[in-house]
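Chemist: First the structure, then my questions, so here it is.
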Number of protein chains: 4
Amino acid sequence: MKKIAVFTSGGDSPGMNACVRSVVRTGIYHKLEVYSIMYGYDGMIRGDIRKMQSHSVSNILQRGGTVLKSARSEAFRTKEGRKKAYEQLQSHGIEGLIAIGGDGTFTGAKIFFEEFGIPTVGCPGTIDNDIYGTDYTIGFDTAVNTALEAIDKIRDTAAAHDRIFFVEVMGRDSGYIAIECAIGGGAELVMVPETKTTIDDVVKSLKGLRKSKTSSIVVVAEGDEEGGAAHIMDKVKAHFKEEDKEFKVTTLGHIQRGGNPTAKDRILGSRSGMAAVEGLLQGKSNCMAGIINDKVVYTPFEDCITKDKPLSEEYLRLQEMLSI
Amino acid sequence: MKKIAVFTSGGDSPGMNACVRSVVRTGIYHKLEVYSIMYGYDGMIRGDIRKMQSHSVSNILQRGGTVLKSARSEAFRTKEGRKKAYEQLQSHGIEGLIAIGGDGTFTGAKIFFEEFGIPTVGCPGTIDNDIYGTDYTIGFDTAVNTALEAIDKIRDTAAAHDRIFFVEVMGRDSGYIAIECAIGGGAELVMVPETKTTIDDVVKSLKGLRKSKTSSIVVVAEGDEEGGAAHIMDKVKAHFKEEDKEFKVTTLGHIQRGGNPTAKDRILGSRSGMAAVEGLLQGKSNCMAGIINDKVVYTPFEDCITKDKPLSEEYLRLQEMLSI
Amino acid sequence: MKKIAVFTSGGDSPGMNACVRSVVRTGIYHKLEVYSIMYGYDGMIRGDIRKMQSHSVSNILQRGGTVLKSARSEAFRTKEGRKKAYEQLQSHGIEGLIAIGGDGTFTGAKIFFEEFGIPTVGCPGTIDNDIYGTDYTIGFDTAVNTALEAIDKIRDTAAAHDRIFFVEVMGRDSGYIAIECAIGGGAELVMVPETKTTIDDVVKSLKGLRKSKTSSIVVVAEGDEEGGAAHIMDKVKAHFKEEDKEFKVTTLGHIQRGGNPTAKDRILGSRSGMAAVEGLLQGKSNCMAGIINDKVVYTPFEDCITKDKPLSEEYLRLQEMLSI
Amino acid sequence: MKKIAVFTSGGDSPGMNACVRSVVRTGIYHKLEVYSIMYGYDGMIRGDIRKMQSHSVSNILQRGGTVLKSARSEAFRTKEGRKKAYEQLQSHGIEGLIAIGGDGTFTGAKIFFEEFGIPTVGCPGTIDNDIYGTDYTIGFDTAVNTALEAIDKIRDTAAAHDRIFFVEVMGRDSGYIAIECAIGGGAELVMVPETKTTIDDVVKSLKGLRKSKTSSIVVVAEGDEEGGAAHIMDKVKAHFKEEDKEFKVTTLGHIQRGGNPTAKDRILGSRSGMAAVEGLLQGKSNCMAGIINDKVVYTPFEDCITKDKPLSEEYLRLQEMLSI
């Protein structure tokens, strides 16, 4: 293998740049020519492909977002689109691919590999931490810390006014961000898609807590089965008398995706990038380079996409104990 | 004057604690006994009043929120409520009051003073910077910096996906936070209550910018005459073809109220607190201690409440020039 | 077991408060009476012991330092001092101890347990991550992120002036902070106690890098065998011609110990505190509750103190590859 | 005037990039061609001059350091060097200059203007705030906030161990950073070049404070007449018995120069850049564009360099009162 290419796809996450930098530099270290594909699968089809040097990735390690840009690609969902992408790679002599992204990215990579056979290794770049085959995804730690800083600020104002705050964090199918924010933020309650918490449960808990606490924070994962935070708040509020408490809601939104990556995400991005390059060189393909128990593990894309990654029971138990 | 009391009222803002600390310590320095009233006017009516020592305000300078808590008080809107409040103050021997808050707080203080004659000086504690009689309000600088950090993060993800982002910042009647965020955040457009910007203007600008910029940020003050950011985005979007651009909206919300105060807000809170104490000692009353052109100025509550504080023309012009 | 006590000892680290809070609340959850001992072993001897309630630990989760204070205790090094400490615990009816700290703390705890037999479990609270029996220590992640933010700032000024910067980070016997900062900060070189890097190696590397890089950062662990960063810089500088490069040094110092803990440290502190309480209840003693591969593990104090925790070879290799 | 050039010189400061961006964009807005000179006077002599477009300064507003780089220039101190610089500017058709920097930068600009007559306006870019003719310099607010965050962290560890900390902040000839850090950080004492504070004064104060405070922070400006913080601490320590207190020292150093600029510095840099461009167009020269009482003011370089900017008496008084 002489020439490889790297791209980012799907939602951006902090640490993707660290991963790109690592792919480029460890690739060059191993005597490879490394190319970047701009705008993910879309740029692959359009042939937006550039030769990278070591200095091309200078001073990006500490930046959020992705210098390779990201985009949705309807065309890549078609056989015809993928054929064009393949021809572009062929014309550049690309013999290996490194795909940085999440579920959707890996689904595309798997189909593409099975159709055209270009060896491909993935790196888990998504803030949601919902990928099987790695303890953490690149961007998760930053997203949690960003959300936590926001929750610290909200606690200031919640405490000043004796309010009950519902804070919605990201996580469409997964409560990872929510549970870490709840423990780290000292939230009184957490609502995640993985567990069933009814409105009645919430009402009962909050009424119980009122005896000992003047203000409360409820962390809600956006994908909770009871709906978003605003919806849940309205339903809970109906069970309280008006004068009882002031209820407020905040949706943290896109700030959780951006920002300078934390140490953990810079290191995870760097390790994962190196592991992807070395995996390709060792003949690995159709799999993702994750870190499990501090060791590099290659997991088939098939498993990454289809297998569940359950929330820690210990964390749920811990959150409950700490909120007394 | 021997005994004074301090309280916070209305929405909390970062730097209120610095102001409380300054009132307590400069009061003690000037041989006064200083009391705190908890929960604003509500606590005044209930007699929730405590003697403060120098160490009572240790380690609060750097904290957001207000250790004196804040609350709405329906009772204080009635003559009867205010009479109770007066009796509580009498029974504690309070001879002077320092009210930290915004418009609503000063309106209450003015009525109370005119009815019962207890000398009262205010300190401008609100993030909105909409108070006449001071260049800046306590909490404004922190709110702007918090919003700016959020906008920096959003720019990462906007740039990664070539998106147009509408970011709503606080400011019900005032575009101060919005204009500083727009200049400081390098926003392409800003929408504030003080100026008329139509949806057509926005559409035209964004279409013009598309030639030179791949992503754009529009900062919207919550009180803009065209509605909130989500509403504006929907109207703008209708003028674009679907494939043209991805539009996203984020409402920063309550995080702008909390957080450790910046240097500016700690110093402004401290100066304003000292000025309020020394103003009381010099016989000032029914007025606010603000800082104009770096000097302490006492402005009648009447003017603080009724006079307008216009946005800087220079800032609006600067924002426009910088967005080319 | 009915009554337990918790204390912090040795250098403070961010997350200690999260750990204290967790001990108190999980203890109460398990129907224990929980006491705090102020000022570590010194307070134990003086009997500075207080009953804790759930609300005693409100609003401390997010604070650096330790609300239980810490102090050196010469007296506890003597048999007589330890006897007094034992008598104080007896008089309060304390039947179990939780010691939060590092090597020195556990050495004291081990001797004390062997002499007087009060069941004791430790929690690893130190920024250095040099404790055997846990993947990470409480405070390490925060210290690395604080140092990294400082290095990001230094890179701004290094790049503006084409300088070579030597940055000294904490780590007397261990290069953990240094290696994570070097990878996360994109440092060109790292010097740690665990590996031998001569001045000649450094000179050679820096001269090699000058062809491709205009500025460089060298991260030095304070315990490196070649001396502190200032000393190393002077020796390196002697090998360059004066006009060649500007050399600068910065010692990050005590800022690495303080600050609000990161999500990781809040969670690790919370988990470790819960594990210590539940360990005591299960009859564990003379051991530390650490987290290895995301699972609670109890390691004898003897091993924590005497066994080495080597630096990751993969990390050293990664740092080298990424600095090209 | 058709063609102007901008450069940064002397120590870098956060907000310089905002200023460069503003010069480029407001210049283009006013139909000028704008050039950048890299590496200050050194690059001027070497002819390192580049044409700038609006997008050349995209995405730099929020970055510390200076994208135009900075360097010392021995050659510019000679008539011969300056003649070369003039010839380079002539050959590019540069008719106006904007110099971003401090005292040294303006001294060079003044001599150069007087010799060769190219109209030149300065922008005050230095963290020290020691320039006459502007209320604040670009970078000062960021430096203070960075130092303050460090002091907040140090207070955590000072409080945990009941220590006395000496913290050295930047300011060779000026106590501006020190006094704002002292008020904002709640320091017990401050030592600045502008006032005489003897070691005996410090010892007396600290002994007095010991009755009411368990830990203390002394902020020292690097240019204080009693020496640096380490030196002062040693002299103070000699007056205490060993067991009395633990003394520690920290020198914040270069981290104060870097980092993302605060809102204030981004806005000040932007305003000052616009004012410099519009000043040139109005025929101003040999002067600096500063902001006094929120208005643009042009002050002759001569005054900027030679006139003193005294510390605020009110601030010194406030600091003293608040430390009781």
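A Cβ is built for glycine as well, from the same backbone N, Cα and C atoms used for every other residue.
Because TrEMBL annotations are produced automatically, they should be read as predictions rather than curated entries.
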Chemist: Name the one residue among C:G11, C:G15, C:G27 that TrEMBL lists for the same ATP site as C:R72, C:S73, C:G102, C:D103, C:G104, C:T105.
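Modeler: Among the candidates, TrEMBL records only C:G11 at this ATP site.
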Chemist: Just checking: which of C:S73, C:G102, C:G186, C:K213 have a Cα that is within 10 Å of the Cα of C:D128 (substrate binding site), counting only these binding-site residues?
Modeler: C:G102
Chemist: When the pLDDT values for the domain 'Phosphofructokinase' (C:3-279) are averaged, what is the result?
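Modeler: Mean pLDDT across the domain 'Phosphofructokinase' (C:3-279) comes out at 95.
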Chemist: For C:K248 (substrate binding site), which DSSP three-state class applies?
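Modeler: In three-state terms, C:K248 (substrate binding site) counts as strand.
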Chemist: Please tell me which one of the binding-site residues listed here (C:R25, C:S73, C:D103, C:K213) sits closest to C:R257 (substrate binding site), measuring Cα to Cα?
Modeler: C:D103
Chemist: How far apart, in angstrom, are the most distant Cα atoms among the ATP-binding residues C:G11, C:R72, C:S73, C:G102, C:D103, C:G104, C:T105?
Modeler: 15
Chemist: Need one number for the substrate-binding residues C:T126, C:I127, C:D128, C:R163, C:M170, C:G171, C:R172, C:E222, C:K248, C:H254, C:I255, C:Q256, C:R257: the maximum pairwise CA distance in Å, whole number please.
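Modeler: Farthest Cα pair among residues binding substrate: 33 Å.
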Chemist: Near the Cβ of C:G186 (ADP binding site), how many other Cβ atoms are there if near means within 10 Å?
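Modeler: I get 25 for this one.
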Chemist: Below 8 Å between Cβ atoms and chain D: which of C:D128, C:E188, C:I255, C:R257 make it? I'm asking about the binding-site residues.
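Modeler: Listed binding-site residues passing the 8 Å Cβ cut to D: C:I255, C:R257.
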Chemist: Relative to the mean position of the Cβ atoms of C:G11, C:R72, C:S73, C:G102, C:D103, C:G104, C:T105, the recorded ATP site, which additional same-chain residues have Cβ within 8 Å?
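Modeler: Other same-chain residues near the ATP site: C:S9, C:G10, C:G40, C:S70, C:G101, C:T107, C:G108.
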Chemist: I'd like the Cβ neighbour count for C:G11 (ATP binding site), meaning other Cβ atoms within 10 Å of its Cβ, all protein chains included.
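Modeler: Around the Cβ of C:G11 (ATP binding site), 23 other Cβ atoms lie within 10 Å.
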Chemist: What same-chain residues, at least 6 away in sequence, bring their CB to under 8 Å of the CB of C:I255 (substrate binding site)?
Modeler: C:T146, C:A150
Chemist: Measure from the CA atom of C:G11 (ATP binding site) to the CA atom of C:M170 (substrate binding site) and give the result in Å, rounded to a whole number.
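Modeler: Rounded to a whole number, the Cα-Cα distance is 12 Å.
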